[in-house]
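According to TrEMBL, the protein carries these features:
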type	residues	note
DOMAIN	24-483	domain 'Major facilitator superfamily (MFS) profile'
TRANSMEM	95-114	transmembrane segment
TRANSMEM	120-141	transmembrane segment
TRANSMEM	153-171	transmembrane segment
TRANSMEM	177-198	transmembrane segment
TRANSMEM	285-307	transmembrane segment
TRANSMEM	327-349	transmembrane segment
TRANSMEM	356-375	transmembrane segment
TRANSMEM	395-417	transmembrane segment
TRANSMEM	461-479	transmembrane segment
Amino acid sequence: MVIKVQMEQMSPAVSKFRSIASQIISSLSPNFLLLDLGMAISFPTIALPVLLNAREGLSVNDVQASWFGSLSSLTQPFGAFLSGPIVDYLGRRRANFVVNLPHIIAWILMYFSWDLPSLFMANALLGLGTGIMEAPINAYVGEISEPSIRGSLSTFTQLFLSLGTFAMYFLGAVVDWRSAALISLAVPICSMALVLLVPETPVWLLSRGREKDALNSLCKLRGWTTPEHVREEFDQLVDYSKKLQNCVICYKLYNRDTQTCEHVTMNPIRRSLYKFRYVMLAKETLRPLIFVMVYFMFYVMSGLTPIKPNMVNICGAFGMAQDGKDIVLNVGIITICCSILVIASIRYVGKRKMAITSLLGTAISCAALSVYAKYNLDDSVFSYDTSTFPKETSYVPLILFYLMAFFTGFNLPWVLVGEVFPFRSRASAQGIAAASNYVFTFLGAKSLIDLEVYGQLWGTFAVYAAFGFVGTIFLYFFLPETEGMSLEDIEYFFNGDKIQTFANDPVINTIKRLKRRNVNE
């Protein structure tokens, strides 16, 4: 005790500001990945209006336009499935470096695209690279951050996604789409350079038996401090890591913790199948995975995401009282403002209230747009045919559209992806969750033209409103409050016999900790 007191006197505690600053700086590399990701998923929005029935240069018809707008979402799931194994094998830090390569190639190919196959190939590669980026981003930020700021830090990453979206919309307003692709090339290069300045996550290092490196990493992540100031947190991580090294088969079958057992000599294929069954299909993985996938479905199909590739023409079809490109740029600004508001308020409001309010607001906005289109637009209006657009303009659909963008900016599925999965399955589960998002995004973007053909604009937005209202009910009954909980607490929570709605209830948390203490003893 005397030695400990002397050490603390010799080395004063690091300030909270310095600790938070070190975590923000360490998250810059994955944040630049998100900046690039935001630019990639927004690129069709600026290219499609120029390419659609263009009189010179590359040109696409309405069917080709629907494929171009959704193609990257079709290839993203393949990248997302690859991202988990890449992150587990290379580590979070090196994976953040490697996953930039597909986008570097894609942006170059997009700039030099000479015909439609090369154009579509570049867009498909952008989607593949976007999918590969998901697990490194979510795993790294979730594992380096303290529970008290993990929510804000995760939403801080969403700010960079919004900045990427805005940057691409801005480029679309000032330069042509080829120049925008060339400028975008700088972002993945900067991301690769920033990786050289950040440490590997302590949890991954401990899983590889590198305790000294893990301790040094934790010291850097908590404000470039000394080991004695992170000893308590480090000891908890070591205990958690030791549990992860136990044979999962023995634990699931016999409730026995051991690192050496007969399963070590088991046939590798059979052992892998057992691990898949007891890790990926375990309730602490399967419950949050199913929840997040369903949340993604309601989030994607509730309005803004499916129409993004054709947003400029959608605005024209509604007869909004602003130029389509200006509206798109303003949507980018709104998204940035929402991200800042989320960062500032999520710690106080909580994820549960914010997510439910967001999806409900989106649903109401879509319903209002549907009603407006039903009673004010002609049935011949078609967003893929500019000759059918109304001549008269109105501010009513413009305000409703901005409200939809505002509420969409407060949705939190990506924040949950970074924290709800246990370490053993985290990278793979995050990849699967991200893949589901892109599958829904592809289906939403590709079905836009069909919904318009059979239901006009009012029917299209009525479908989006229905998804929003049902999604709100789903979140009300099944979304737990994870703000302020450690990753281990969240894992233990989803491993319980029942999923309580109010996970932040102090009584429930006390019972959980007592149960875990009894299990450990």
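For all residues, glycine too, the Cβ spot is worked out from N, Cα and C.
These numbers come from a predicted model, not from an experiment.
Counting residues 6+ beyond its ends, the transmembrane segment (120-141) has Cβ neighbours under 8 Å at 27, 29-30, 33-34, 36-37, 40-41, 43-44, 67-68, 71-84, 86-87, 92-93, 95-96, 99-103, 105-107, 109-110, 113, 150, 153-154, 157, 181, 201, 414, 417-418, 426-428, 430-431, 434-435, 438 in the same chain.
Using the rule of three or more Cβ pairs under 8 Å, pairs at least 6 apart in sequence, the transmembrane segment (356-375) is not in contact with the transmembrane segment (327-349).
Contact between the transmembrane segment (461-479) and the transmembrane segment (95-114) does not hold: fewer than three of their C-beta pairs are under 8 Å, each pair 6 or more apart in sequence.
Here the transmembrane segment (285-307) sits against the transmembrane segment (395-417); at least 3 CB pairs are under 8 Å, leaving out pairs fewer than 6 apart in sequence.
Confidence in the domain 'Major facilitator superfamily (MFS) profile' (24-483), given as mean pLDDT, stands at 84.
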